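What follows is a single structure, written as structure tokens, with notes after it.
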């Protein structure tokens, strides 16, 4: 006579439960990857539509050229997001926004928010700083000024310049923008500019 689940040993029930949990996790991870992939493709389309190839080529000259341009910054951020390492550029952006604050009364709360998010030991998006710079920035939090993150921002910029920026220039995120013909744009009638190639970029990913 069939006893159903009640007749199974406890160890079997635990194994089945563990397997169900693992399958659920894998399905969620798969959905997340597909979602991120879709977002990355859309990001590249928007970027293509808003910038010329001449400008894109300037991005290879320096990291400063890249992130000082709105679309270049968006492209670089999308690339870092695909590598799950966008905390460095997020910190750099936060520092740039911080330096634009005009009201002295707003400096302290904003500084503490940036510190807690990127620099403290329990930071949710901790950036890779050497101990000296981290300690110096921590001391600056006692009396935050408009320049209290300058040294830390400089270190993170140099880190991105030597590492992620070089990878970005070799990635499809950049190569598809600087050379849209590699996506088959030359086969499309009327493809006269990078904007015309926008719809083709996602198909190359």
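Backbone N, Cα and C atoms are what each Cβ position is placed from, and that goes for glycine too.
Since the structure is predicted, the reported quantities are computational estimates derived from the model, not experimental observations.
Positions annotated as S-palmitoyl cysteine by Swiss-Prot, on the basis of a curator's inference: 2 (among others).
If you look up Swiss-Prot, you'll see 12 (among others) marked as S-palmitoyl cysteine, on the strength of a curator's inference.
Per-residue pLDDT, averaged along the domain 'RGS' (62-178), amounts to 96 for this model. Under the heading domain 'RGS', Swiss-Prot lists 62-178.
Here Swiss-Prot flags 95 (among others) as S-palmitoyl cysteine, drawing on experimental evidence. Long-range Cβ proximity for residue 95 (S-palmitoyl cysteine), meaning a same-chain Cβ under 8 A and a gap of 6 or more residues, is found for 114, 149, 150, 152, 153. In the three-state DSSP scheme, residue 95 (S-palmitoyl cysteine) falls into the helix class.
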